[in-house]
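Structure record follows, encoded as structure tokens.
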Amino acid sequence: MLSSVMAPLWACILVAAGILATDTHHPQDSALYHLSKQLLQKYHKEVRPVYNWTKATTVYLDLFVHAILDVDAENQILKTSVWYQEVWNDEFLSWNSSMFDEIREISLPLSAIWAPDIIINEFVDIERYPDLPYVYVNSSGTIENYKPIQVVSACSLETYAFPFDVQNCSLTFKSILHTVEDVDLAFLRSPEDIQHDKKAFLNDSEWELLSVSSTYSILQSSAGGFAQIQFNVVMRRHPLVYVVSLLIPSIFLMLVDLGSFYLPPNCRARIVFKTSVLVGYTVFRVNMSNQVPRSVGSTPLIGHFFTICMAFLVLSLAKSIVLVKFLHDEQRGGQEQPFLCLRGDTDADRPRVEPRAQRAVVTESSLYGEHLAQPGTLKEVWSQLQSISNYLQTQDQTDQQEAEWLVLLSRFDRLLFQSYLFMLGIYTITLCSLWALWGGV
């Protein structure tokens, strides 16, 4: 009775065990596991992966500029973010895909295989990039290695044409140890495709990517020839923010100074106005000095622009001071007590009666008050009247000379203004020509 009950139970247990055994998979049963084990079991990453040691391993390079992070003109350093790709053939990592469940591509750890020792010659800082520990290997032994790199490289930055400057920085890739007989370099894409490819570039920074030209060359040294590929990153600065914050305010201040020439030469407000413009320009120049890049090699053209504009403002103020000085000296030479250098501002421009004339008027009043009591008073009154008449004639001559002198100074002021305007125009044309020549505008 018991045996009849246990028999079906044992049958169920055996069926369940068979099903579990069928559904359980072990890594040893995976074709991918067998393939990776077979490829790496006897692999030596210290040996260049060729069967014929006289055959060079060709490494194909490609580069995508992702972003321009920083341009340090003072330290001559460029920081860029690039996508870098290496492709080479490893003869020790090929297989027949039909023997491994039609697997045509596999990912392997980069640390377990041979990799070319490619470096960037212009590197000046430790590269920082995400750790991508795997590479793709296909059945023919072709390996693809992708590297997003943040490159901090040395670059000869020319800021003379700032803010319309165009920079050309190079990134040179070469093997640090292997000569061209062992490791050769080549382009993964044609240089024409690399030059005009901007699809990966983030064009929302201060710089615009113009092109990425590339050249192949062999560097000869005492140890032999080394293959190298140089990528020239050509970029142009977006000048709008600097034009608005630096150039336009400076141009406005220069135009305001030109407008001050329409004030009369003998107007006191003219010198005060020009002095205020000069002080305002000096404060503006000090506040904006941090926006101009500093370079040891050369001073940016905009620095010369600020200096010459300030020199023009000083020249304009000095010219007005000289004109007022001429007018002041002329008035001092015309009479004993000088007039003020500016007309119409005080009571000094009204005719003043000398003490002698004042006494004459008083005497005349007193004489008439006494009804001409003394017989000699008529002669004295006549003498005083003649003195007043002579003074008025002298005053008229002085006013006429002053008017003629003002006309002469106005003509001289107009001549100086035209000369000032001519020099300013020549300077503006020269500055724009230099910016266009150096900046490639």
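Backbone N, Cα and C define each Cβ position, glycine as well.
Of all Cβ atoms in the shown protein chains, 22 besides its own fall within 10 Å of the Cβ of Cys169 (disulfide bond). The disulfide bond feature in Swiss-Prot is assigned to Cys155-Cys169.
Annotation comment: Swiss-Prot describes Asn52 (among others) as N-linked glycosylation site. Around Asn52 (N-linked glycosylation site), there are no C-beta neighbours below 8 angstroms that are at least 6 residues distant in the chain.
Within 10 Å of the C-beta of Asn96 (N-linked glycosylation site) we count 7 further C-beta atoms, all protein chains included. Secondary structure at Asn96 (N-linked glycosylation site), as computed by DSSP, is coil. The feature N-linked glycosylation site is assigned by Swiss-Prot to Asn96 (among others), with experimental evidence given as support.
Its Cβ placed at the centre, Asn138 (N-linked glycosylation site) has 17 other Cβ atoms within 10 Å. Swiss-Prot lists Asn138 (among others) with the feature N-linked glycosylation site.
Residues or ranges marked as N-linked glycosylation site by Swiss-Prot: Asn168 (among others). Listed in sequence order, the residues of the same chain lying 6 or more apart from Asn168 (N-linked glycosylation site) and placing their CB within less than 8 Å of its CB are Asn232, Val233, Val234.
Swiss-Prot lists Asn203 (among others) with the feature N-linked glycosylation site, giving experimental evidence as the kind of evidence. Sequence-distant neighbours of Asn203 (N-linked glycosylation site) (same chain, six or more apart, CB under 8 Å from its CB) are Leu209, listed in sequence order.
The N-linked glycosylation site annotation in Swiss-Prot covers Asn287 (among others). Sequence-distant neighbours of Asn287 (N-linked glycosylation site): no residue of the same chain at least 6 apart has a C-beta under 8 Å from its C-beta. According to DSSP, Asn287 (N-linked glycosylation site) is assigned to a helical segment.
Taken from Swiss-Prot, the feature region 'HA-stretch' applies to 381-413, supported by experimental evidence.
According to Swiss-Prot, the signal peptide annotation covers 1-21, on the basis of sequence analysis.
Residues or ranges marked as topological domain 'Extracellular' in Swiss-Prot: 22-238 (among others).
According to Swiss-Prot, the topological domain 'Cytoplasmic' annotation covers 260-268 (among others).
Summarising the annotation, Swiss-Prot assigns topological domain 'Extracellular' to 287-303 (among others) and lists experimental evidence as the type of evidence. Here the topological domain 'Extracellular' (287-303) has long-range neighbours at 73-74, 157-163, 242, 245-247, 431, 434-435, 438, meaning same-chain residues at least 6 beyond its ends whose C-beta is under 8 angstroms from one of its own.
Residues or ranges marked as topological domain 'Cytoplasmic' in Swiss-Prot: 325-414 (among others).
Averaged across the topological domain 'Extracellular' (436-441), pLDDT in this predicted model comes to 65. Annotated topological domain 'Extracellular' per Swiss-Prot: 436-441 (among others), in sequence order.
Within its own chain, the transmembrane segment (239-259) has Cβ neighbours under 8 Å at 162-164, 206, 274, 277, 280-281, 284, 288, 291-292, 302, 305-306, 309, 312-313, 316, 421, 424, counting only residues six or more beyond its boundaries. Positions annotated as transmembrane segment by Swiss-Prot: 239-259 (among others).
Sequence-distant neighbours of the transmembrane segment (269-286) (same chain, 6+ residues past either end, Cβ-Cβ under 8 Å): 249-250, 253, 256-257, 260, 263, 306, 309-310, 313-314, 316-317, 320-321, 324. Summarising the annotation, Swiss-Prot assigns transmembrane segment to 269-286 (among others).
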Fill in the CA-CA distance, Asn138 (N-linked glycosylation site) to Cys169 (disulfide bond), as an integer in Å. 35
Residue counts (helix, strand, coil, in that order) that DSSP gives for the topological domain 'Cytoplasmic' (260-268): 4 helix, 0 strand, 5 coil
Could you tell me the C-alpha distance between Cys155 (disulfide bond) and Asn96 (N-linked glycosylation site) in angstrom, no decimals? 48
